[in-house]
There are 2 protein chains.
Amino acid sequence: MTQDRTQSSPEDSLIARYFKPLATDPGAFGLVDDAAVLSSSGDDIVVTTDAVVEGVHYLATDPPDTIARKALRVNLSDLAAKGATPAGFVLTLALRSKEDAWLRPFADALGEDAKEFACPLLGGDTVSTPGPQMISITAFGRVPQGRMVGRTGARPGDRILVTGTIGDAALGLDVLTGGAAAAALATDPAAREALVSRYRVPQPRNPLARAVRDHATAAMDVSDGLAGDLTKLCAASGVSATVDVTSVPFSAAAASLVARNVACVETLLAGGDDYEVLCTVPPAQVDALMAAGRAAGLAVTAIGTIVAGKQGPRFLDGQGQELVLRRLSYSHF
Amino acid sequence: MTQDRTQSSPEDSLIARYFKPLATDPGAFGLVDDAAVLSSSGDDIVVTTDAVVEGVHYLATDPPDTIARKALRVNLSDLAAKGATPAGFVLTLALRSKEDAWLRPFADALGEDAKEFACPLLGGDTVSTPGPQMISITAFGRVPQGRMVGRTGARPGDRILVTGTIGDAALGLDVLTGGAAAAALATDPAAREALVSRYRVPQPRNPLARAVRDHATAAMDVSDGLAGDLTKLCAASGVSATVDVTSVPFSAAAASLVARNVACVETLLAGGDDYEVLCTVPPAQVDALMAAGRAAGLAVTAIGTIVAGKQGPRFLDGQGQELVLRRLSYSHF
């Protein structure tokens, strides 16, 4: 029970010192109010919320600037997959301490990302906790009325597309926690760094949001593992899928670890934290989405096809044999 | 590091079992999507976020149904003070366990309040934590464009009004933690229960929201202590205030504890968790706001006047002498 009642309200000065500079939107009222305003514009407001917990979603040893970026970017990734343009976010910060050495780089990096992605801080709450730190962000985006891209629109014949590469973040976590990938890459600091950075700082695909909105029948971001997330999308749409595993895009570092039997394909397909966009697109519109990807400097890869049926997606190897995945995704419970 | 990766995604079944029934708004998509939609309606969307942490904002021994109600109601209270009509909320739940004995009454009570206040669940995130549980809620309300009631509009001459009674929740916490009030009320279970219930289950003043919007020049909810919150409102508006402490509404139980010297007035003025509406109203409109209070069955009391000046509010006793408050409010840091 913290009962630190003081005249000067250090909670308010903490907010003023670190977070007021991020509240650039007029609807944030410079963080002096209890509430913010998202102004009316005729658009629908897309709302998404994702929390990151120390020791669960990030490591206590992760640098504070990467923690800030991850906390915001996992939400930006949801907005990208929904076809929404970022409009702002609110932040709940459960802190053990208010050390400047942690808060300064955290707030600075959060401000940089807020600016880069045009997603200003609108408000928030800072609370003290004796336990692990937690950052909960609710982010807002705009889409024209009725145009949010859901999970339920995938239809048989649609092609399944995914951005970027899959499985790097899971391998980055393996490196950070001293797993097999750490040993295998002991003499390759560049590959280690590339994988670790995919774990710590996701690259949300917001530049593709407009094209996803224009061309995808269903979309979601890959946060809990490609296999499990595709399973959820298929279930929501009442369809099944066939995935050609040899088409799934792996980075050079990931492919090399698979070739050396350090990692197995299943780990990559079920690994979390990719924050790529997974979407289904009618064949006639695949070229347009891929062109939008090229324009954004972003790889977009077709990995399979939606088929009729109620069973889970089938993952086929190079010989057309089905891989039976023991795990599909990450789950908290 | 929790790495419980399973086929069946118990996180999804937890959400489906406990929280899907609360997602009654079409924009929630039955919680099967990553995001929700707040549909366009020409209104401004008011956004507020408040978290409650076990051991900080509620006691680990508090019943789960009261924890759920408190988590939602502290946010509803913000919407009421901003003059906004509830539109929905998103929930982040950081849980140590997924015990049905805790989650069932928690979710049921949350659903009852969501229905009572017409504020449906739109989405959320459940994460595991090894530390204290935490519930972070971001709530949304609607106001006509540009009509959110802020903190900056108080003007000299405005009367200062407050709803309900002040200080009961602080005394309720004192009862629960075995303080002086617990001993003094040992033989008065009704008074104990009345105070405890004010601490555990706030009564947000949403029925008064429309009148606040129509008549108040500035408003906020009293969450960190009346004295401190009025100080913040005055600072935001660039004004000062004079408060007649004998006018501040205390419950019979609180007044009796003050009369017996068990509690001092300062404790009540600086105690947190009141969740009443504090607002400033031009003299010509005071009657209208009070009439709206009567229509809602809610006491509204004038406690002072806004005056010009930059100094903090002055609290005057029955002899017109200034009380010097050592503490104004609750602070987390």
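Note: Cβ is positioned from N, Cα and C throughout, glycine not excepted.
TrEMBL does not curate its annotations; it predicts them automatically.
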Per TrEMBL, B:Asp34, B:Asp78 bind Mg(2+) 3; matching candidate in B:Asp221, B:Asp224, B:Asp229, B:Asp244: B:Asp221
For B:Gly124 (ATP binding site), the one of B:Asp34, B:Thr48, B:Thr49, B:Asp273 that lies nearest, given that the binding-site residues are compared by Cα: B:Asp34
C-beta crowding around B:His57 (substrate binding site), within 10 angstroms: 24
For B:Arg151 (ATP binding site), the one of B:Asp34, B:Thr48, B:Thr49, B:Asp125, B:Asp273 that lies nearest, given that the binding-site residues are compared by Cα: B:Thr48
Site of maximum Cβ density within 10 Å, from binding-site residues B:Asp78, B:Asp221, B:Asp224: B:Asp221
Secondary structure of B:Asp78 (Mg(2+) 3 binding site) (DSSP, helix/strand/coil): helix
Helix-strand-coil residue split for the domain 'PurM-like N-terminal' (B:33-143), DSSP-based: 35 helix, 44 strand, 32 coil
